[in-house]
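Quick look at what TrEMBL annotates:
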type	residues	note
TRANSMEM	44-63	transmembrane segment
DOMAIN	46-495	domain 'Major facilitator superfamily (MFS) profile'
TRANSMEM	126-142	transmembrane segment
TRANSMEM	154-175	transmembrane segment
TRANSMEM	210-233	transmembrane segment
TRANSMEM	239-259	transmembrane segment
TRANSMEM	321-341	transmembrane segment
TRANSMEM	353-375	transmembrane segment
TRANSMEM	384-404	transmembrane segment
TRANSMEM	410-434	transmembrane segment
TRANSMEM	446-466	transmembrane segment
TRANSMEM	472-491	transmembrane segment
């Protein structure tokens, strides 16, 4: 007979055992940890199903690299037109033509923005990031008590997809910009919703590996966009939105039918029986034992009222917390400019745009293996500092080599800049979790992400400057990454430190560390 020392594994015949003799109390956390201890096929399926939301999310983030690109053109009247020296804005429209003869290849040519200011050309992309910023703050304030984790992922992805389909019918730049804002707003918290749902449906043992799956799908979505854009390069830019949004609609249908709600969220809502049913669906081998636990669940449930109340205002009332979150946001602002801007500016280097964007996505994959190695062997502060300095130097070298005509080497440094930006994001994500206690960690994560998005909102304008001075945007990205990265010297070192739960506990530990260093 199996070991029945743990209450979760008690059979119906052993239900008369005195509760006082049990080695540990029957809590819902114990139930979740025990029933999901083995990462089976159905758990993997659920993680993949939810993680796919980031696949479609990545496509909408980077789609403007292709749809808003400045198309190539050629002369029709060589008497007054010289492609190498002429400015199409100074030529009559009959003297030149877009390559391929298609006016609607990109937004620039279709909506007549070829002679518009760089501010107007970059406005749709900036509107997307501004929408993500506004949505990040607004949606973060809306409680999910009546919706749940699954519905939040579903609604955000569905709203993004429907709006993306509507983009294909834009008739002017103002409608296009408005719809891009709505897309950014609707998908602003998809990343957070998906990660929370995944992390709450796996045990502590498997959570680190499971949470890497959606990150991988995000990169795969980025990579797939290059292939879709290549196949649709002779079609209108409008079809690219349809090719990415329509599959997302079908994905939402599958998500609605097959995805399971978070058992922890159901437990907090008082739906213990439904939570147990979810666990039974995800862990069939423990089904008999889980069925016997329904009647054994404790009557008293933990509520948030039993815990101290903290909010985002604690960042402003505590000097150390305010200083840390400001520094973190400054660093993430610099990383956001580089992470979102480098792929956008890659079109300014004389390389194939489809190949360049695919390679930019490929270099992200090794970061999920390299980051844990760096965190285990080196200090947090020095790792971030060295990474941002190397990334910044790569950006500047990319600019210099591009001016010298060494396109191949310049592109290699462009990949290095993007690689360091991603490594920096991974490092700071772990670093930030260790710097803030549990009671405000969620708020800190929101502000962490918002700083990254604010940096992304600035990058389309910076990238568009490269049209006037080729590749100068890479120098700007590099200086921003290394310059803002220097602020990490202000932050405390956290390697080897345990996580704190309250602000008071965090303050006490920091005082202990400061006293020992004196």
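Positions of Cβ are set from backbone N, Cα and C atoms, glycine also.
TrEMBL labels come from automatic prediction, so no person has curated them.
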Exercise. Most CB pairs under 8 Å with the transmembrane segment (472-491): which of 44-63, 353-375, 384-404, 410-434?
Worked result: 384-404
For this session: Decide whether the stretches the transmembrane segment (446-466) and the transmembrane segment (353-375) have at least 3 CB pairs under 8 angstroms, with pairs required to be 6 or more apart in sequence.
Result: no
Exercise. Mean pLDDT for the domain 'Major facilitator superfamily (MFS) profile' (46-495), as a whole number?
Worked result: 81
For this session: Report yes or no: does the transmembrane segment (321-341) come within contact of the transmembrane segment (384-404), defined as 3 or more CB pairs under 8 Å with a sequence separation of 6 or more?
Result: yes
Exercise. Does the transmembrane segment (239-259) make contact with the transmembrane segment (44-63) through 3 or more Cβ pairs under 8 Å, each pair 6 or more apart in sequence?
Worked result: yes
Seminar exercise, completed: Stretch winning on C-beta pairs under 8 A with the transmembrane segment (210-233) (pool: 44-63, 353-375, 410-434) is 44-63
Problem set entry | Dominant neighbour of the transmembrane segment (44-63) in 154-175, 353-375, 384-404, 410-434, by Cβ pairs under 8 Å | 154-175
Problem set entry | Sequence-remote partners of the transmembrane segment (353-375) [C-beta within less than 8 Å, at least six residues beyond its ends] | 62, 65-66, 69, 212, 215-216, 219-220, 222-223, 225-227, 229-230, 233, 342-343, 346-347, 383, 411, 414-415, 418-419, 422-423, 426-427, 430, 495
For this session: Report, as numbers and ranges, which residues of the same chain sit near the transmembrane segment (154-175): CB under 8 Å and 6 or more residues beyond its ends.
Result: 53, 56-57, 60, 107, 111, 113, 120, 123-124, 139, 147, 182-183, 186-190, 193, 238-239, 241-242, 244-246, 248-249, 251-252, 255-256, 259
